[in-house]
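Straight from Swiss-Prot, the features:
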BINDING   R105, S106, S107, L108, G109, R110, D123, T131, L132, E133, Q152, Y166, K173, Q177  dCTP binding site
ACT_SITE  E133  active site, proton donor/acceptor
REGION    159-195  region 'Disordered'
COMPBIAS  160-172  compositional bias 'Basic and acidic residues'
COMPBIAS  174-184  compositional bias 'Polar residues'
COMPBIAS  186-195  compositional bias 'Basic and acidic residues'
Amino acid sequence: MILSDADILRRLEQGDLVVEPLDDPDIQIQPASVDLRLGHEFLEFQHANIPCIHPNSEDEVSDYVEETVIEEGGEFILHPGDFVLGTTHERVAIPDDLIAHVEGRSSLGRLAIVVHATAGLCDPGYEGQITLELSNLGTAPVALTPGMRISQLTFTELKTPADRPYGAERGSKYQGQSGPQASKIQGDREFGGDQ
């Protein structure tokens, strides 16, 4: 079951679902979603002259990105074909009986802005800011302003709560993240990690 605005408000008031700061609930809470705003931090992928990135090499992954912080009132220009990691302004905490889906806003989609490449899911138990995988599929640069509504979060109720939710017990590598996070895929078992 997808939560309606009334369901979302009830869960927020109960405190088991967290979206904060929720500065303007009348605007941000939609009929079946919550609009999330763009944060100030971005990780830009460098145009590197390297043959490839090896996902199991933390150094190669971290050397490939550079952090940019946009000051209040500033803009981040997303050029055609570019891919950057951004973050939501809000921090979320998803209870064990819900799953959250990150979706783009249709108004930005009509400007060819995509807010997630593949990671559109927040597992039960996830806590932290949400990293956005932003790309411009259009032919013109688009100015993104921190604080603008950039995405929406919908919530689906699970039939039963997760037995092993995302979090410390599972060693979840993105739990509690603040700001955009580069890939930590080198922590996966197939690359010698423990996850």
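Keep in mind that glycine also has a Cβ here, set from the backbone N, Cα and C atoms.
Remark: of the binding-site residues S107, Q152, the most isolated position is S107 (fewest other Cβ atoms within 10 Å of its Cβ). Its Cβ placed at the centre, G109 (dCTP binding site) has 13 other Cβ atoms within 10 Å. Between the alpha carbons (Cα) of Q152 (dCTP binding site) and E133 (active site, proton donor/acceptor) lies a span of roughly 14 Å.
A C-beta separation below 8 Å, combined with a sequence spacing of at least six in one chain, links the residue listed as 'active site, proton donor/acceptor' to F83, L85, V114, V115, H116, A117, T118, A119.
The C-beta environment of D123 (dCTP binding site), restricted to residues of the same chain at least 6 apart in sequence and closer than 8 Å, consists of I94, I99, A162, P165, Y166, S172. A simple way to gauge crowding: the CB of R105 (dCTP binding site) has 19 other CB atoms within 10 angstroms, across all the protein chains here. The secondary structure of S107 (dCTP binding site), as reduced to three states from DSSP, is helical.
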